[in-house]
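A short worksheet on the structure shown next.
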Amino acid sequence: MSPQTETKTSVGFKAGVRDYRLTYYTPNYKTKDTDILAAFRMTPQPGVPPEEAGAAVAAESSTGTWTTVWTDGLTSLDRYKGRCYEIEAVTGEKNQFIAYVAYPLDLFEEGSVTNLFTSIVGNVFGFKALRALRLEDLRIPPAYSKTFIGPPHGIQVERDKSNKYGRPLLGCTIKPKLGLSAKNYGRAVYECLRGGLDFTKDDENVNSQPFMRWRDRFLFVAEALFKAQAETGEIKGHYLNVTAGTYEELLKRAHCARELGVPIVMHDYLTGGFTANTSLAHYCRDNGLLLHIHRAMHAVIDRQKNHGIHFRVLAKALRMSGGDHIHAGTVVGKLEGERDVTLGFVDLLRDDYIEKDRSRGIYFTQDWVSMPGVLPVASGGIHVWHMPALTEIFGDDSVLQFGGGTLGHPWGNAPGAVANRVALEACVKARNEGRDLAREGNEIIREASQWSPESAAACEVWKEIKFEFEAMDTL
């Protein structure tokens, strides 16, 4: 008899409330290659043993509820239940533990990040027995990851499409983020692209507002892009934000972008939702569009150390749902991001096989079994003086995006783009010659500025600008 129909009459039904740990805490369990594994940072309420708290997490995120129900006898709970198989105390923290939970693969719909998250980070996060709960990491088994298409194209295909190799790509978010007319917006795009940038970008706030409707923006941006391409001989792109209030409207905008012949569109994947994002990724793969992903709203979810979801989990979810770029912090700019933590999830985005490394916050070995990689985007409060550090930290397979660091140049957008391109080329050349970017970075930028007045002006404007605040999310 199948597990779905078997009835355990021999056991009988005993109504009442049982401790979760009697069923869901299984310290002798040996995890399977097909299990989805989760690491939760949990802070139990006073008086709640960690074993009971960990078991409650496993129960409430899988088959359990607060009381025994007679329909438990109509299925095989041993087959479907989540299991808390290990608990460890967090060093230096009082009453805080890492609970490791294994979930059988049958609990989750194939190819659906939405269903995965609904279970694992659903109602359990409001459970009263826990003061706080944070999902630190997930291990996605190959048997499950192969049910997703992942990024529409991936790093190598993007390199081949753009014919750009051996260096990071350069981008810029058009500012002011709101208020420009479509024609002035298109002019700003043109100036940046002709100055030497590879990409320009819609701000995540830009959708289709009264001051600039989406179709007008698309038309003026496409004109600017093709004009810059013709003048420079380089392939250019602009991230046209197709995020919309309905999926039907989103798809209409993506279709218009494809008809205009632009190479890339953009989506706000957290505010837009995983279902819409996965559908858009499928559309982009089928229609030859690259997909840039912005993470607006992520800090609401991931910034607090004790509660929420760590960004490394959101990054893994995005790689499965689909995106060719995603914003990943800068380490050196104005936005949150500790170096070791950031490089940990950058590797999870780009690499095929990532070993467990607790020093970088990676709780599980992750094998993506040849799923295409995602380019991390460094963006937020960066300028020419940051270029050596960014090149050294992120390497070639990245997008370095300077918004204010381009458009804030005293001579205008095109000189700002020139300054950033000169700085990048100088850093790549110095690195390839064996120079130490971390130690000699400022000297390398000064040397390049001798031959570029645009770079010299940028260096003078931003020489005193620093964002030196301690990161909230540390190991």
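Numbering starts at 1 and runs along the chain as displayed.
A Cβ is built for glycine as well, from the same backbone N, Cα and C atoms used for every other residue.
Record note: Swiss-Prot gives ASN123, THR173, LYS177, ARG295, HIS327 as substrate-binding, and the candidate from SER76, SER359, SER370, SER379 in that site is SER379. Reported as a whole number, the C-alpha separation between HIS294 (active site, proton acceptor) and ASN123 (substrate binding site) equals 26 Å.
If you take the Cα of ASP203 (Mg(2+) binding site) and the Cα of HIS327 (substrate binding site), they are about 12 angstrom apart, rounded to a whole number.
Across the structure, ASN123 (substrate binding site) and GLU204 (Mg(2+) binding site) are spaced 29 Å apart at their Cα atoms.
Annotation note: ASN123 (substrate binding site) sits in a helical segment as assigned by DSSP. Neighbours of GLU204 (Mg(2+) binding site) among the recorded positions LYS175, LYS177, ARG295, HIS327, SER379, defined as a Cα within 10 Å of its Cα, are LYS177, ARG295. Set side by side, the binding-site residues LYS201, HIS327 differ in how many other CB atoms lie within 10 angstroms of their CB, and the most is found at LYS201. Among the binding-site residues ASN123, THR173, SER379, the residue whose Cβ has the fewest other Cβ atoms within 10 Å is ASN123.
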